[in-house]
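Participant: Pasting a structure below so you can have a look.
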């Protein structure tokens, strides 16, 4: 790094001093904190994004959002060339520069890093970073800090894409790097045209009642509501009503996170919505859940969460693959047998995993976190992943899509209008409708709606695919969370060695019992998950496992 580059960073970073006695950490969600202390962090992530662009010779995204957090918070995260999250290998560098106490320390860290990574900072290799933000009032000033950070790197250019959902920015980055059409309009056009394609392929005779035809969406008073209104105008005849579209406080008593955790109706919904299909987006529209309003005001909603969205998608994909691979009632030997994988974490309800396995599907677990789910899903021809919170997507391998395109063309020339041809076209439409970069509430919602119309199902029938097992989650404060080491996607404790045997003994006492523990990624607590055939049993199992954690690792164990 030459003196001119060093001077640029020193000068600009002196305008963004880091907050005192605050240490931030880059996780799955990037950096998140109260917006008032984030200027320095966002400025420095701007530098990181520019360096990442130079290193990868690709377009990089920088999104300013705190998703489902309260409106006074904000955050920043980086979208890699694939449209996915920043590679884990760069997270320690993100932490280091965010917490560098002085401009001199910052320059030293960057200098060491660019040498190690062989990043040329001579201005010859250009950098391009796309900036997006959600509707938070603090977003504009933080966007300017990011802009300043990017511009402090020689040869780097920042492009303000305006107010976007997080998934939109990820989609645009992915599309740009694949040399595809990549504006916000192109995003809307691709989603609406692929949705219309699926609707045109609904089997004759599928009946939809007036109640089942209407969808009411809680927009969390965030950016998703604004963008859903745009989509709605592009989809004539799509019966959808958007509420909480910005007239209230972002994520306050509204949104997918609130609905999923509290299992209550969001603000703006009530007894007038009994029987209607309702859905909820989160603040930046990367999570989606559905729900039914209870007829009794005091009761909990009937929640249709990410596990059931995954099940619906898996059923539909499985059905289309089966049709595609059948010829005159018999499977052809030369048909491509697509490897379909269902990816969950240990937090997925056991009833959903049992249901998927009963369908003959391959369901596998990964450690908790979208980055692990996405990585595993990419190993299949078609990989479907979802968390219960409603974040998830479907990935299609390039190899499978190439075969599918060829197969569709072959069927179009030989057997136009056949069921096999329709199945191939449906799968191609799904691959374009779903956001393969990241979980996307808008594309997910359109796919759910298309599949429900295809099957003729009501939300009640969908919700009744299986009954969730009652569960309970607890946290136990410990001296050192790193004392717990897990394996098998966090379902088994390896250290301390004796605790897993004790957990197994407790689980054995309860019908359909299951429990696991895992260390928190951010605080000195151990998280306990338990489920069983009744709520009382799940509560008791969670409590007994929490006591075991306290005995082995709690403050009492250290005295």
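Glycine too: its Cβ is placed from the backbone N, Cα and C atoms.
What TrEMBL says about a protein is an automatic prediction, not a curated fact.
Quick paste of what TrEMBL says about this protein:
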DOMAIN    57-90  domain 'Alpha-D-phosphohexomutase alpha/beta/alpha'
BINDING   67, 282, 284, 286  Mg(2+) binding site
ACT_SITE  67  active site, phosphoserine intermediate
DOMAIN    124-177  domain 'Alpha-D-phosphohexomutase alpha/beta/alpha'
DOMAIN    305-457  domain 'Phosphoacetylglucosamine mutase AMG1'
BINDING   387, 388, 389, 518, 519, 520, 521, 522, 527  substrate binding site
DOMAIN    487-547  domain 'Alpha-D-phosphohexomutase C-terminal'
Participant: Which range out of 57-90, 305-457, 487-547 gives the domain 'Alpha-D-phosphohexomutase alpha/beta/alpha' (124-177) the most CB pairs under 8 Å?
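Facilitator: The stretch with the most close Cβ contacts to the domain 'Alpha-D-phosphohexomutase alpha/beta/alpha' (124-177) is 57-90.
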Participant: So if I exclude everything within five residues of the ends of the domain 'Alpha-D-phosphohexomutase alpha/beta/alpha' (57-90), which remaining residues of that chain have a CB under 8 angstroms from its CBs? That is, six or more out.
Facilitator: 26, 28-36, 38, 41-42, 45-46, 48-50, 125, 127-134, 136-139, 142-143, 146, 150, 164, 166, 169-177, 220, 249-252, 255-258, 282-284, 286-287, 370-371, 374, 436-438
Participant: Taking the centroid of the Cβ atoms of 67, 282, 284, 286 (Mg(2+) site), which other same-chain residues have Cβ within 8 Å of it?
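Facilitator: Filtered neighbour residues, in order: 65, 68, 134, 165, 166, 222, 224, 256, 281, 283, 285, 287, 441.
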Participant: What whole-number Å value do you get for the CA-CA distance of residue 521 (substrate binding site) and residue 286 (Mg(2+) binding site)?
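Facilitator: For residue 521 (substrate binding site) versus residue 286 (Mg(2+) binding site), the Cα atoms are 21 Å apart.
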Participant: Any idea what the Cα distance is from residue 519 (substrate binding site) over to residue 67 (Mg(2+) binding site), rounded to a whole Å?
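Facilitator: Answer for this pair: 23 Å between alpha carbons.
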Participant: With the cut-off set at 10 Å between Cβ atoms, which of these binding-site residues ends up with the most neighbours? Options: 67, 389.
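Facilitator: That would be 67, with the highest Cβ count within 10 Å.
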Participant: 519, 521: which of these binding-site residues has the highest Cβ count within 10 Å of its own Cβ?
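Facilitator: Result of the Cβ crowding comparison: 519.
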Participant: Work through the binding-site residues one by one (387, 389, 527) and name whichever has its CA nearest to the CA of residue 67 (Mg(2+) binding site).
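Facilitator: Ranked by Cα distance from residue 67 (Mg(2+) binding site), first place goes to 389.
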Participant: Can you grab the distance from residue 282 (Mg(2+) binding site) over to residue 389 (substrate binding site)? Cα atoms, rounded to a whole Å.
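Facilitator: So the alpha carbons of residue 282 (Mg(2+) binding site) and residue 389 (substrate binding site) sit roughly 10 Å from each other.
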Participant: If one measures from the C-alpha of residue 389 (substrate binding site) to the C-alpha of residue 284 (Mg(2+) binding site), what distance in angstrom results, rounded to a whole number?
Facilitator: 14
Participant: Ten-angstrom check, please: count other Cβ atoms within 10 Å of the Cβ of residue 282 (Mg(2+) binding site), all chains counted.
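Facilitator: 32, counting other Cβ atoms within 10 Å of residue 282 (Mg(2+) binding site).
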Participant: To the nearest whole angstrom, state the Cα distance for the pair residue 387 (substrate binding site) and residue 286 (Mg(2+) binding site).
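Facilitator: Residue 286 (Mg(2+) binding site) has its Cα 12 Å from the Cα of residue 387 (substrate binding site).
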Participant: Sort out the sequence-distant neighbours of residue 527 (substrate binding site) for me: same chain, 6+ apart, CB within less than 8 Å of its CB, listed by position.
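Facilitator: Correct list: 473, 474, 475, 517, 518, 519, 520.
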